[in-house]
Structures are given as C-alpha cells and as structure tokens.
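Okay, structure first, notes after.
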Amino acid sequence: MALNRTFTLNTGAKIPAVGFGTWQAAPHEVEKAVEIALKTGYRHIDCAAIYRNENEVGLGIKKSGVKREDLFITGKLWNTKHRPDDVENALNKTLEDLGTDYVDLFLMHWPCAFAPGNKFFPLDSNGVFQLDDVNASVTWKAMEALLETKKVRAIGVSNFNVRRLESLLSTCSIVPAANQIEKHPYLQQPELADFCKKKGILIEAYSPLGNNQTGEPRTVDDAKVHEVAKRLGKDPGQVLVSWGVQTGHVVLPKSVTASRIASNFQDFEIPAEEMADLNTLKRHKRFNFPMRWGFDIFDEAGEEAVKKAAKDAGEENKMKFVV
C-alpha cells in the first residue's frame with residue numbers, strides 16, 4: 001500500500017513524494033498512462049515542453065476525472081526559450097496544451113540556452129547545436145516575474161550543479177523551490193544534495209531507476225538491487241522509488257505499462273541494513289549527459305571535450321534532431 005508521503009517546498013506548498021514522469025512516453029501512450037496513473041492514486045505529474053506530449057498529458061488528466069486542485073503539476077522551460085521575452089509565452093503554450101490555467105511548479109529545464117526560434121533543436125549547417133549567450137540568471141529573473149501572474153505557484157531549476165546554483169543564488173530574489181536532477185544509487189551526488197538542503201531547495205529525481213539512454217544496464221537491473229528486493233519481498237522498482245523518498249527527495253518514475261505504473265507507486269519503509277546495502281552502489285554513473293550539445297553542463301567533461309563531441313555528432317544530429 002502506497003505511503004502517500006509528501007515534502008514541503010520553500011513556498012510552504014506540499015508536493016507528493018512520488019510523482020509520475022512523462023519523459024520518453026510516446027504521445028499516444030502517455031494519454032492512457034496518465035489516466036491510469038491518476039486512477040491508481042498518483043497526484044503529481046511531471047511534464048515538459050520538450051517531451052512534446054503535454055497535450056496528451058492534459059487529455060489523460062481530463063479523462064481521469066481527478067480535480068485540478070487535487071493535482072500537483074510541473075512544467076519546464078525549454079532551452080530555446082531562455083530569452084526573457086520568450087519565457088511567459090513558453091509557459092502559456094504549456095498551460096494551453098495541458099488544459100490548465102496554472103502549474104504548481106515551473107522549472108528551467110537545463111542551464112543551457114539554445115538559439116531562439118520554433119525548432120526545439122537548432123542546428124547550424126554542419127549539424128552542430130546553436131547555443132545562445134543568455135546567462136541562466138537573466139532567464140531566472142523572467143521566471144521570477146511569472147509568480148506575479150499567478151500562472152505558476154513556484155519556480156525551480158533542473159540539472160544545476162553546486163557551482164551553477166551558487167551563481168544563481170548570488171543574483172536571484174527568489175530561491176529556487178526545487179532542483180530536478182538525475183539521482184539513484186549509482187548517482188547519489190551527496191555534495192549537491194547537502195548544498196540544496198542547506199539552501200532550502202528540494203531535490204527531485206528523474207530516472208530514479210536509471211534509464212536505457214546509453215544501452216547500458218540500468219540501476220534497476222543491478223544484482224544487488226534485485227537481491228535487496230528479494231529479501232524484502234518487493235519489486236526492484238519499488239525498492240529504488242522507496243530508496244529515493246527515504247533519502248529525502250521526490251522521485252519521478254515513468255512507465256506506460258499499467259502494472260508497472262501501479263507497482264512503482266507502492267513505496268515503503270526500507271530497513272537500515274538494506275538502505276546501507278543500496279548506498280554501497282554509489283559510483284557517480286550518469287545515464288543522462290547530452291554532451292553533443294557542446295555545453296559542459298555538469299562541469300565534468302571539460303570545454304574541449306564537449307566542443308569536440310558537438311562537432312563529431314554533426315552529421316548524426318542532422319538525421320536525429322529534425323524538430
């Protein structure tokens with residue numbers, strides 16, 4: 001039985017600890033998946049413009065019959081909309097697609113700005129991503145102004161490391177309510193977690209089970225995770241969801257399979273011994289790092305390496321990123 005735990009944002013608002021992720025969910029799958037999730041008991045839906053399925057998410061919400069005031073909905077500002085004049089229009093498009101007049105949380109999806117325009121992935125003639133020289137603090141100021149419109153209840157960031165947060169905090173008027181990052185036993189990021197906790201910024205974990213972006217075994221496939229799950233009589237996905245909540249952050253599992261959607265929602269208290277076992281899996285393993293953008297997002301690759309990756313991926317980008 002789900003514990004239905006919540007965390008409290010620095011705004012005072014309650015946010016359900018287990019949310020439903022909609023990344024990598026195909027448009028025609030996500031509508032039904034959202035409907036199933038809400039009927040299962042989820043009350044937190046995590047969305048983003050770049051997922052290109054917000055309209056279907058909105059339809060799923062409508063079909064579920066759950067009242068808007070009973071939901072916590074997150075939206076995200078995409079990289080091509082970082083210029084201040086584009087921020088509110090981007091939010092308006094999200095609201096229109098979702099069929100709501102506000103979101104509970106609106107995040108800056110990445111600290112990286114792309115050239116503005118209608119293409120999600122602007123490329124130059126060589127297939128290299130076109131970046132824009134807009135500092136995240138400038139975009140943040142425009143996001144702060146959104147609070148006055150009542151179209152957002154809270155604002156936050158995503159994929160920000162300690163250095164980028166420190167830079168933002170040095171100029172902002174409003175401290176981000178959340179920082180959504182990749183987090184699971186393979187990628188625990190204790191320094192970032194401690195920093196966010198001290199600053200009153202709640203961490204949300206995407207890919208809490210790992211993912212198959214790289215074709216490598218996911219965290220949920222790890223033998224130790226399966227061993228712990230067997231010992232506790234639980235599903236490996238339930239173990240990782242529960243590990244995240246017990247560690248102190250929101251988790252956003254994603255599935256389009258009804259049984260998996262239901263299973264992931266059944267969080268539970270993990271005994272101390274099993275928590276310690278799971279914590280030994282720490283290896284700073286990222287499944288999500290779009291190096292081909294040519295931007296050193298996490299300050300881990302180096303400028304030279306990301307620029308080379310961006311150039312090397314040019315021809316493939318022309319085929320892969322056409323929207």
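Just so you know, glycine gets a Cβ as well, placed from its N, Cα and C.
A TrEMBL annotation is a machine prediction, not a hand-curated record.
Summarising the annotation, TrEMBL assigns active site, proton donor to TYR51.
Taken from TrEMBL, the feature substrate binding site covers HIS109.
Marked as domain 'NADP-dependent oxidoreductase' by TrEMBL: 18-280.
Per TrEMBL, site 'Lowers pKa of active site Tyr' is recorded for LYS76. Sequence-distant contacts (6 or more apart, same chain, Cβ under 8 Å) of LYS76 (site 'Lowers pKa of active site Tyr') comprise CYS47, ALA48, ALA49, ILE50, PHE106, LEU107, MET108, HIS109, SER158.
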Ordered by sequence, the long-range same-chain Cβ contacts of TYR51 (active site, proton donor) under 8 Å (at least 6 apart) are THR22, TRP23, GLN24, ALA25, VAL30
Neighbouring CB atoms within 10 angstroms of the CB of HIS109 (substrate binding site), all protein chains considered, total 21
